[in-house]
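All remarks here apply to the structure that follows.
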Amino acid sequence: MAVQRTFSIIKPDAVAKNVIGKITTRFEEAGLKIVASKMKQLSKAEAEGFYAEHSERGFFGDLVAFMTSGPVVVQVLEGENAIAKNRELMGATNPKEAAAGTIRADFAESIDANAVHGSDSEAAAAREIAYFFAATEVTTR
């Protein structure tokens, strides 16, 4: 297994519920290290740019509105098979379909307000990390 980096967002719904620490603990207990982290309020332009691949989809406006509705925590996670491990921890996109004990099953309300985002590939992880973090902001541990 290779050590990878992946990108994570703790979304506005989870930040509002004050479960940042609980979610972060899940990452760490699964062997993922947080090598960069910051809380920020996304601007409309930042959210539109980040989710540009969905710009033609019907839900795009609602997605941008949700992601700018409150602060988020953006993080870089590092560890063995980090991308797959993070996706397993998150659970299915729709929390009603997420396995018990996953982040979305435990902390998300709906497919729209689903607590977390995680990269789905190495290419996506590299792009998403670079979108929010300068190389000098990502540490090694």
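Cβ from N, Cα, C; glycine included.
According to Swiss-Prot, the active site, pros-phosphohistidine intermediate annotation covers H117. For K11, F59, R87, T93, R104, N114, the entry in Swiss-Prot reads ATP binding site.
Here the features listed in Swiss-Prot are placed on the structure.
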{"residue": "K11", "record": "ATP binding site", "Cβ neighbours (10 Å)": "24"}
{"residue": "F59", "record": "ATP binding site", "Cβ neighbours (10 Å)": "12"}
{"residue": "R87", "record": "ATP binding site", "Cβ neighbours (10 Å)": "17"}
{"residue": "T93", "record": "ATP binding site", "Cβ neighbours (10 Å)": "14"}
{"residue": "R104", "record": "ATP binding site", "Cβ neighbours (10 Å)": "24"}
{"residue": "N114", "record": "ATP binding site", "Cβ neighbours (10 Å)": "23"}
{"residue": "H117", "record": "active site, pros-phosphohistidine intermediate", "Cβ neighbours (10 Å)": "20"}
Max pairwise CA distance, angstrom, over record-listed ATP binders K11, F59, R87, T93, R104, N114: 22
Length of the line joining the Cα atoms of R87 (ATP binding site) and H117 (active site, pros-phosphohistidine intermediate), in Å: 9
H117 (active site, pros-phosphohistidine intermediate) to K11 (ATP binding site) - Cα separation in whole Å: 7
